[in-house]
Amino acid sequence: MAVAGAIVGAGFGGWMNDKFGRKPSILIADALFLAGALIMAIAPTPVVIIVGRIFVGLGVGMASMTAPLYISEASPARIRGALVSTNGLLITGGQFMAYLINLAFTRVTGTWRWMLGIAGVPALIQFVLMWMLPESPRWLYRQNRKEEASAILRKIYPATEVEQEIDALRRSVEDEIQLEGSIGEQSLLGKLRKALSSKVVRRGLMAGIIAQVAQQFVGINTVMYYSPTIVQLAGFASNNTAMALSLITSGLNAVGSIVSMFFVDRTGRRRLMLISLVGIVLWLGVLGGTFLGAANHAPPVSQLETQQFANQTQTCPEFSPSVSWNCMNCLKAESTCGFCAHDGNKLLPGACLAVSEASRRTCHADHREFYTEGCPNNFGWLALIALGAYIVSYSPGMGTVPWIVNSEIYPLRFRGVCGGIAAVANWVSNLIVTQTFLSLTKALGTSATFFLFCAISFLALVVVFFTVPETKGLQFEEVEKMLERKDYKPWKRYYPDDPPKGREIGLAVA
């Protein structure tokens, strides 16, 4: 329900950004998130928790597209990418802290209420501090509040650059007014119609939506949401071990965001995304191969071992002595069954038992591990290394750059509504991927699921190469000029002072 709320929040937030400004949108997002956290913390019934999750989702969706937009419009072009990347760093850092906080509260009375309620603290802090910050100068200028906008720009830019920036903004807004006839208010539907009638917006929106959809369909949130399950699929039976290793994956995601801050304005948005996607394709392929090897070398189910437990607990109903089973067959049985590994060598034949507390206790009492997600194998650590490498490949590029691209690729008059459309595409993709992952692993197997994500990521690499342009170092007005050129090709680098022909860049940065 939180993701469903985020979809609505992102769409509604796009309209709010253009109508009321970036700052009020962030304040409303904070208020919604805080309200949702409090509702969940004091919820007397599950239904109330669902209501709280919807409020949280609305706040997250609205903030997800507003925060990068606000940061980008208040940043000089030469460091805009790095500053927007701080948003990604704080998100991934927050996820890491959430793991730590949840672990800290596991032994506290009323654990789940504390876990849910404390989520409102960052929203409260941001809500208070946000009052001290100004509105986006570009949005103010667009609303004919030129003196306020100029005063803010003079605080941001060096004295040698500020007049040039104000002049570029003035010319951009004047051109927009001339195109529209006025800067008067329009309905959301009217604004959408006018946006989609513009070639510049259509080109920007194609790049923005593709970047956002690709971000989700490379499978990152299956890893972040289901990392304990994936660790168990790799052959680690202990829940505590799975949680500890999941903490490492979350930490790697945060570290990757720091890398993005240092390289996005040097390497460029486009190149960083393409390099990131190459790494993603490679490591998803390794993950698929690793899980395939683990499945092919799963320890067999022993009739003798299984019968040994028959008097103490229930064996798997589907298991028959006349059929040759291994651990994977046991875990895929229609009844919920688990594999009790051999007490000496986990790769030796074990027992297939029905999953129950009695089965777990009996298996553990005999100093054995009880597996319900994955099977014991010699590939587990290789899978974890590949998983970590995948996250390190993802985070600096595909983790942060799609939000940077969407914060700077649209004309000012449509930046909020277009950013909202792209954010909705992101959250819808998030919902599709996360809701289908476990079903895919059951239907296709873990290895085939990762091979599928590998193929999708390769397709994303090709599509991003041909649709997403480079915006590094360009003023917002220069990005718009690039998109309106007759000879526009996303795989060519645009130089503001070049004649219309342009120059090839491919993966080049200069």
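Just so it is clear, glycine is given a Cβ too, placed from its N, Cα and C backbone atoms.
Predicted automatically and left uncurated, TrEMBL annotations should be read as such.
Annotated features in TrEMBL:
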- 1-472: domain 'Major facilitator superfamily (MFS) profile' (DOMAIN)
- 26-43: transmembrane segment (TRANSMEM)
- 49-71: transmembrane segment (TRANSMEM)
- 83-105: transmembrane segment (TRANSMEM)
- 111-133: transmembrane segment (TRANSMEM)
- 204-224: transmembrane segment (TRANSMEM)
- 244-264: transmembrane segment (TRANSMEM)
- 271-295: transmembrane segment (TRANSMEM)
- 379-405: transmembrane segment (TRANSMEM)
- 417-438: transmembrane segment (TRANSMEM)
- 450-468: transmembrane segment (TRANSMEM)
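Across the domain 'Major facilitator superfamily (MFS) profile' (1-472), the model assigns an average pLDDT of 85. Sequence-distant residue pairs (6 or more apart) of the transmembrane segment (111-133) and the transmembrane segment (244-264) include fewer than 3 whose Cβ atoms are under 8 Å, leaving the two stretches without contact. Contact between the transmembrane segment (379-405) and the transmembrane segment (26-43) is not supported, since fewer than 3 Cβ pairs fall under 8 Å when only residues 6 or more apart in sequence are counted. In terms of C-beta pairs under 8 Å, the stretch of 26-43, 83-105, 204-224, 244-264, 450-468 lying closest in packing to the transmembrane segment (271-295) is 450-468. Recorded stretches compared: 26-43, 49-71, 204-224, 450-468; the one with the most Cβ pairs under 8 Å to the transmembrane segment (83-105) is 49-71. Relative to the transmembrane segment (450-468), the listed stretch 204-224 leads the set 49-71, 204-224, 417-438 in CB pairs under 8 A. Residues 9, 13, 16, 49, 51-60, 62-63, 66-67, 70, 113-114, 116-120, 123-124, 126-127, 130-131 of the same chain sit 6 or more residues outside the transmembrane segment (26-43) yet have a Cβ under 8 Å from a Cβ within it.
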